[in-house]
Structures are given as C-alpha cells and as structure tokens.
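According to TrEMBL, the feature domain 'Calcineurin-like phosphoesterase' maps to 103-262. Per TrEMBL, transmembrane segment is recorded for 35-56, 63-82.
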Amino acid sequence: MHGRTGCGALSGQGRLIPAQAVVSLGLDAHGLLRAWVLDGGWLALPVAAVVLWGLWRARRLGVRLGLAVLLAGDLLFAWARFAEPNLLRVRHTALSGTGGDARIALIGDPHVGLFKGANFLERVVERTNAEHPDAVLIAGDLTYQPQGQSLDALLAPLARLEAQTYAVLGNHDQGKPGPDIDRALRQALARHGVQVIEGRALPFKGFTLAGLGDRWAGKDNARFLDALPADRPLLVLAHNPDSADRLRSRPHLLVLAGHTHGGQLRIPWLYRRVLPVEHGFDQGEQTYAGPQGRIRVYTTGGVGESGLPLRLFNPPTIDLLELSP
C-alpha cells in the first residue's frame, strides 16, 4: 500500500523540495503520512480545543456548521488513533456442521513491532486464557517492521498461553513487504512453545489440523492435503483466505485465516476497495465457490494494525469459535 510520488514538490524552510528528493530519502507519500499519524497524531487534541473555541466564538451559522464538521472529523481521527486500536474484544461464533467438537481461539495479525508491543500481546494472551479454548490458532503476520527489537521479548507473552498453540507465518513476516525474518521468527516461536505447522498435518480432537504457508510468499502449496483421509474433518490454518482456491472441496473442511484486518478502517462502502484479497474475503464466515468446489472459510479481523496505526468501526478482535458436528 505504499503510495507513489509524482513530479510535484513539498515546501520546507522557505524552499521547494522536489518530490524526487523525498523519494531519494525513502520518504514516499505513504511513509510521510504514517510518520505524521504515528508521531504527530497527538495534535488532534489541541486542534479539537481550538475548534471548540471557534464554535463558542462563531456567530454565523455556516461557520458554526463548518467548524462542527471539522470537530467531528478531528475527534473521529483521535478515536481511530488512540482509542480503538487499544480496545480488545472477544467475538463468540458457533460453527455447526464441522464434523467435530472443539473450542478454538483464532488470533490473526498481532503485528508486534512498529505499532504494538509485548504489553498489548500480553492482554491478548490474558483474554484468550480466560476463554479456556482447546487450542489457539495464530493466522500469521505476527510482526510488523520489528527492526532493532528482540523477537523473543516481543513474543514472550505467547509462552503464557495455556492451550496448545499453533501458527503459520504471514506476508509481513517474510518480506512481502518488510524484513524477511522467517527463520528467526520460527526459532523465537519454538522457544515460546508455539508450533509452526506450515506444510504439516496433525491430529486434533477428532479433526486433522493442517497449515498452509503464506500466499504472497508463494508458500501455500496444498498438495500434501490430498493424501489425508477424506472421511476425517479437516481444519486448515492459513494466513491469506485466498489460499482457499488451492483446496479441493471435501466434507467437513473449514479454512481459518486472517490477513484482511476486516479492512482496518471499516468505513462503509469504502473499505472493501482496499481489502488485500482476490476473492472478496472480508471477515467472518464466507464460502468460496471455485473450480474445485465450495470451500467454507472463516476470516478473523485480527488484533493488530499495519500501514497506519489506525482502526475504525473495527476493534481488535479475538475470535472464539465453537465448532460442532
């Protein structure tokens, strides 16, 4: 989602700075916006105070209406920047027809690193443990630009998860975009008791639980699933829900995924235009109808942020899934 800078110019210290110079400094339009939101977002608070003062002083209706709209936008930004990303909810969903009984905590896109750290992940772990799931499944993108930070320290709270925990990696963990920390991340997860199950299948409470690698990293080959018995319920953990198109329909197949963030900024009608998927996945339960049959998919909106440290109408969410036959 990095923007492109054209041939315009930016002003600075009384001069014009060519946009090409901005690019040469590594400050593309998206990077400048992110830096402003991350480091300058607090300016929303004094702006609100100034606008309130203007509302109190203004006498003309048009001016008052304009200031009211400005105040609403400013407060909405402040909420999206400072409040909503720090909320944490648990969404309970009953999924029948899965072929077995299980209570699963699905956690997507923690994105610890640039925007969130171990303190937030500790809250995720505490809320998850309080639900007493049979297993915790982490659907990738555990990190977001963690350069210069210790992966062991960032991920340490995961060691306190009380249920067996399984994970796959996501595009941001493997340089698509960002640093490729695949090997170091797998090692850190193993030290904290998290099993990475990409390309593997294992028994779980009457199900077969399998993991797919990330699609954008070119690792979501699902051919190994063809050798699994078709009469056993199958749970497939993937980062990208689009990986459903790698699968063949079979009885009692359920894909559990993340990646979309539910749009992150869930502005009606607009957020769907920026969902990073090919097959229209959003969040919640959907069915992918492809050339190899119909595939049932549940996508979590996740608990972290990427691109910008903002969430709107879409708080960080742990999905607690109650599976039944």
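Yeah, the Cβs are placed from backbone N, Cα and C, and that goes for glycine too.
Unlike curated records, TrEMBL annotations are generated automatically.
Bear in mind that the values here come from a model prediction, so they are computed numbers and not experimental data.
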Should anything in the same chain at least six residues away from the transmembrane segment (63-82) have a Cβ under 8 Å from its Cβ atoms, list it; otherwise answer none.
37, 41, 44-45, 47-48, 51-52, 54-55, 265, 309-312
State the residues, same chain only, that lie 6 or more residues beyond the ends of the transmembrane segment (35-56) and have a CB under 8 A from a CB inside it; answer 'none' if no residue qualifies.
27, 63-64, 67-68, 70-71, 74-75, 77-78, 81-82, 114-115, 308-310
Averaged over the domain 'Calcineurin-like phosphoesterase' (103-262), what pLDDT does the prediction give?
98
